[in-house]
Amino acid sequence: MTNIIDNISENISKNNSSSNKTEKSVNFNMLVLMLGFAGFVSAADNWFVSPAISAIATEFSISISMAGVVLTSYMIPYGFLQPFYGFFGDYWSKYSVLKYIVCGLAIGTLGSAFASSLLVLCIFRIITGFFAAGIVAVSLALIGDTVPVLDRQIYVGKFMGIVFLGQGLSAGLGGLITKFISWRGAFVFFAIAATISAIILLTKSPKDKKIVSNGKGNFFYKAKRTICSAKGRIIFPLSLITGFLLLGVYSYLGAFLNKIIGLDYLQCGIVIMFYGFSCLIGGTKVGNLSKKIGKKNVILLGEFFALIAILFLYFLHYWQFAILATILLGLGYISIQSTLATLAFDITDDSKGLSSGLIGLGLFGGGGLGSLFSGWLLFIGGYQVIWLVFFSVILLFICITLKIKLY
């Protein structure tokens with residue numbers, strides 16, 4: 001009789017444990033969806049411009065390489081300010097920081113729609129990038145504070161997959177609106193999307209950890225300690241190189257499809273949408289894959305995906321292979337990015353926001369510099385020079401990754 005009672009108690013305990021795990025999983029997924037939509041909008045707000053670059057260049061009577069400055073104007077402040085937002089999120093409420101910067105994103109995007117010149121457009125893009133900068137970093141830190149260590153990369157992968165789904169889908173929507181309305185209409189559309197995200201964040205109020213200043217709350221002290229740590233000296237340079245190379249390649253993909261392969265704005269957008277789909281699918285798988293083969297091998301796999309993508313772009317100027325290249329580029333990026341973002345959580349225990357922001361600085365600041373470099377290569381030699389140079393540097397990147405030790 002005692003054994004029967006013990007067995008019943010054990011089964012009840014197991015069922016309760018299973019129920020609690022399921023409930024927590026649902027809560028984590030809801031958190032990721034809410035944060036993911038904000039990240040979706042911030043990524044979309046930058047990358048819907050890619051298939052519209054040609055239209056912007058035409059309206060302002062400038063070259064495509066010059067119009068590409070619009071991408072850089074958003075991406076550099078978007079990258080460079082992420083550590084500051086991450087730091088402020090660590091010391092105040094991450095959620096409070098998040099909801100106000102999404103409001104700023106909506107305002108800046110709407111202003112871009114009414115720009116009268118390239119200069120005015122770039123100013124509004126800088127303003128938009130300024131506010132959008134903290135969205136991914138602060139959201140990642142919220143996930144790091146909330147989700148258990150063993151499951152972090154699973155939810156980081158899901159979150160980043162949603163973010164870069166925004167990047168991919170925005171290209172299709174941007175191309176669609178640019179073709180049938182105008183590039184200005186695309187800015188209005190994404191301003192509305194940002195407003196919806198702001199309303200969701202303002203009306204939903206999840207709890208998050210606050211860290212009270214302990215006398216060592218100086219930003220530069222914290223940043224130096226984080227960057228110069230044993231893990232930081234490896235992870236942050238890797239994020240900078242990843243952003244420079246993979247986002248540098250991605251930046252002119254829309255213009256390449258339009259000018260070299262001959263696709264119209266809508267077709268360019270549809271092809272680039274596959275980048276977002278591959279990021280979403282890859283993001284849901286990369287956490288479990290990392291558990292099986294290790295984080296370093298996931299990064300190497302991502303680098304090889306990017307290498308093959310560039311080979312397709314260099315040798316095979318057909319839309320079918322452009323889709324394959326876009327998918328591989330997305331899988332490559334999400335494999336590397338989500339792994340580095342997960343590793344960054346463990347650099348310091350008390351500043352997940354700052355370390356996430358520094359990852360963003362590397363990725364998007366590097367991406368802005370990569371876009372500038374791609375524009376220069378396009379000016380001096382064309383698209384084939386872009387692919388050749390980036391292929392060579394990614395090969396070197398693989399060699400470096402093989403030699404380093406990831407913690």
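Our numbering is plain: 1 for the first residue shown, then up by one each step along the chain.
Note that Cβ sites are derived from N, Cα and C of the backbone, with glycine treated the same way.
Bear in mind that TrEMBL entries carry predicted annotations, made automatically and left uncurated.
Now, the feature entries from TrEMBL:
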{"type": "DOMAIN", "residues": "31-407", "note": "domain 'Major facilitator superfamily (MFS) profile'"}
{"type": "TRANSMEM", "residues": "28-49", "note": "transmembrane segment"}
{"type": "TRANSMEM", "residues": "97-117", "note": "transmembrane segment"}
{"type": "TRANSMEM", "residues": "123-143", "note": "transmembrane segment"}
{"type": "TRANSMEM", "residues": "155-177", "note": "transmembrane segment"}
{"type": "TRANSMEM", "residues": "183-202", "note": "transmembrane segment"}
{"type": "TRANSMEM", "residues": "234-253", "note": "transmembrane segment"}
{"type": "TRANSMEM", "residues": "265-286", "note": "transmembrane segment"}
{"type": "TRANSMEM", "residues": "298-316", "note": "transmembrane segment"}
{"type": "TRANSMEM", "residues": "322-345", "note": "transmembrane segment"}
{"type": "TRANSMEM", "residues": "357-379", "note": "transmembrane segment"}
{"type": "TRANSMEM", "residues": "385-404", "note": "transmembrane segment"}
Which whole-number mean pLDDT does the model give the domain 'Major facilitator superfamily (MFS) profile' (31-407)?
-> 85
Under 8 Å Cβ-Cβ from the transmembrane segment (155-177), and at least six residues away from its ends along the same chain, one finds 28-29, 32-33, 35-37, 39-52, 136, 139-140, 143, 147, 183, 185-186, 189-190, 254, 264-270, 272-287, 330, 333-334, 337-338, 341-342
Tell me, please, if the transmembrane segment (298-316) and the transmembrane segment (357-379) are in contact, taking contact as 3+ Cβ pairs under 8 Å between residues separated by 6 or more positions?
-> no
By Cβ distance under 8 Å, which residues at least 6 away from the ends of the transmembrane segment (234-253) in the same chain are close to it?
-> 47, 50, 53, 68, 71, 75, 79, 227, 272, 275, 299, 306, 309-310, 313, 326, 329, 332-333, 336-337, 340, 343-344, 347, 358-359, 361-367, 369-371, 373-375, 378, 383, 386-387, 390, 393-394, 397, 400-401, 404-407
Could you tell me what the rest of the chain brings near the transmembrane segment (385-404), counting residues at least six beyond its ends with Cβ under 8 Å?
-> 234, 238, 241, 245, 248-249, 252, 296, 299-300, 303-304, 306-307, 310-311, 313-314, 374, 377-378
Against which stretches of its own chain does the transmembrane segment (322-345) lie, if we need a Cβ under 8 Å and a gap of at least six residues from its ends?
-> 140, 144, 149, 152-153, 156-157, 160-161, 164, 168, 231, 235, 238-239, 242, 246-247, 249-250, 253, 257, 261, 271-272, 274-279, 282-283, 286-287, 290, 295, 298-299, 301-306, 308-310, 312-313, 352, 355-356, 358-359, 363, 406-407
Given the cut-off of 8 Å on Cβ pairs that are 6 or more apart in sequence, determine whether the transmembrane segment (123-143) and the transmembrane segment (28-49) share at least 3 such pairs.
-> yes
Are there three or more C-beta pairs under 8 angstroms joining the transmembrane segment (97-117) and the transmembrane segment (183-202), sequence spacing 6 or more?
-> yes
